[in-house]
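What Swiss-Prot annotates here:
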type	residues	note
BINDING	11-18, 61-65, 120-123	GTP binding site
REGION	1-192	region 'Small GTPase-like'
REGION	169-192	region 'Disordered'
MOTIF	35-43	motif 'Effector region'
């Protein structure tokens, strides 16, 4: 198991961030159960990657964002990845995800941080406010992976987190240091 990755889970209040994590990790979330506001929690998960290796994931469950309340700035510097969550039955929550993605891009280099988006409550078809095609088009433009999920079906939660963990823990393919006997780009050659 590697060093572990820090992943910040964020989005508006009541989109189901805590429900997603509790259902994913414990299979214990009851839809409709009364919940209290999350202040901030950390969950530790051991996730099997698509390479068959178990990796540790530290999931930072953040307080739901409301009008005038932003994601605390320290999360931008400590996170290896972000999971942005919206509810398909709340257009405002999707717009907040768009804003969060811009904030992440402003504070971090796109190549150094992994972002994925979850559209939660996809079973609420009759109350849908966020069009799936529109959301996917936005995600493609932002170069992020988007999944629609529901806590009523735990299997919809497993693939996104397995994929995220696999991408965060990919072995480096190239050494940052040149190997003896090989020419590296930008190094003058003595060949004539």
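Placement of Cβ uses the backbone N, Cα and C atoms for every residue, glycine included.
Features as recorded by Swiss-Prot, highlighted on the structure.
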residue	record	Cβ neighbours (10 Å)
11	GTP binding site	28
14	GTP binding site	15
17	GTP binding site	25
62	GTP binding site	20
65	GTP binding site	18
122	GTP binding site	20
What kind of secondary structure is residue 17 (GTP binding site) part of, going by DSSP in three states?
helix
